[in-house]
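**Q** Quick one: structure below, then a few questions.
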Amino acid sequence: MRFDGGQAGWRETPRPGCTLDQRDWLTRGGSLTAHLARLGRVNVRVTREAVDCPWFDEPDAVASAPRAPMWVREVILSVDGTPYVAAHSIAPLAASKGVWQAMRRLRTRPLAELLYSDPQVERSALVSRRVIAGHPLYALATHALGGARAPHSFAARRSVFQRHGKPLMVTECMLPALWRHLDAHGDGPRSGGPGGGA
């Protein structure tokens, strides 16, 4: 399944200037929650579930009208109590009451439980970009930092999942603590830290 992420700065190849860790995590397939679980104990905190309009760079990706109502789910994924990822997912409102209705009942379970356990779900290519102030994802990520100083930009990725032709798009913004962990410990848990996962 193809996803035209070339609009609004989203692209399949990470931009020059990304570190090796950033290139890896922006293009790594499979469940992001499962990858985070290798670093420590993952917790999912739901910060918002609501009906809303899509962001300016989302309608084309899910083939919807700019003001079409969406079911929106936003969460913070923390590892050992520290926020590592802010995630924003949307599905057309009708689909959220139909083929994607289970996303409304997840509570604090990760969306990955729906996306990677169903053989009828297809995933597009991952696309990524840097987000800066002015993009709604930047505000979401900054809020996830809980008052800590935000960097000039965040690295983010997104992809579209389809089930019976109905889209669900997941956008994931990596927070500074993830890169600090990888710099210090590589792709494994902190020395002596708790393991586990979601």
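Just so it is clear, glycine is given a Cβ too, placed from its N, Cα and C backbone atoms.
Keep in mind it's a predicted model, so treat the numbers as computed, not measured.
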**Q** Please pick, from R73, R130, R149, the residue that Swiss-Prot records in the substrate site together with L111, E172.
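**A** That substrate site, as Swiss-Prot gives it, pairs L111, E172 with R73.
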**Q** Measure from the Cβ of L111 (substrate binding site) and count the other Cβ atoms within 10 Å, all protein chains considered.
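**A** Within a 10 Å radius of the Cβ of L111 (substrate binding site) lie 21 other Cβ atoms.
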**Q** What other residues of this chain sit with their CB within 8 A of the center of the CB atoms of R73, L111, E172, the recorded substrate site?
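**A** Checked against the 8 Å cutoff, the neighbours are E74, V75, A87, H88, S89, P110, V170, T171.
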**Q** With an 8 Å cut-off on Cβ-Cβ distance and a minimum sequence separation of at least 6, pull the same-chain contacts of E172 (substrate binding site), or say none.
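**A** Long-range Cβ contacts: L32, V85, A86, A87, A156, R157, R158.
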**Q** Rounded to a whole angstrom, what is the largest C-alpha distance between any two of the residues R73, L111, E172 that the record assigns to substrate?
**A** 12
**Q** Show which residues of the chain containing R73 (substrate binding site), separated from it by at least 6 in sequence, have their CB under 8 Å from its CB.
**A** V46, R48, E49, H88, S89, I90, M103, L106, L111
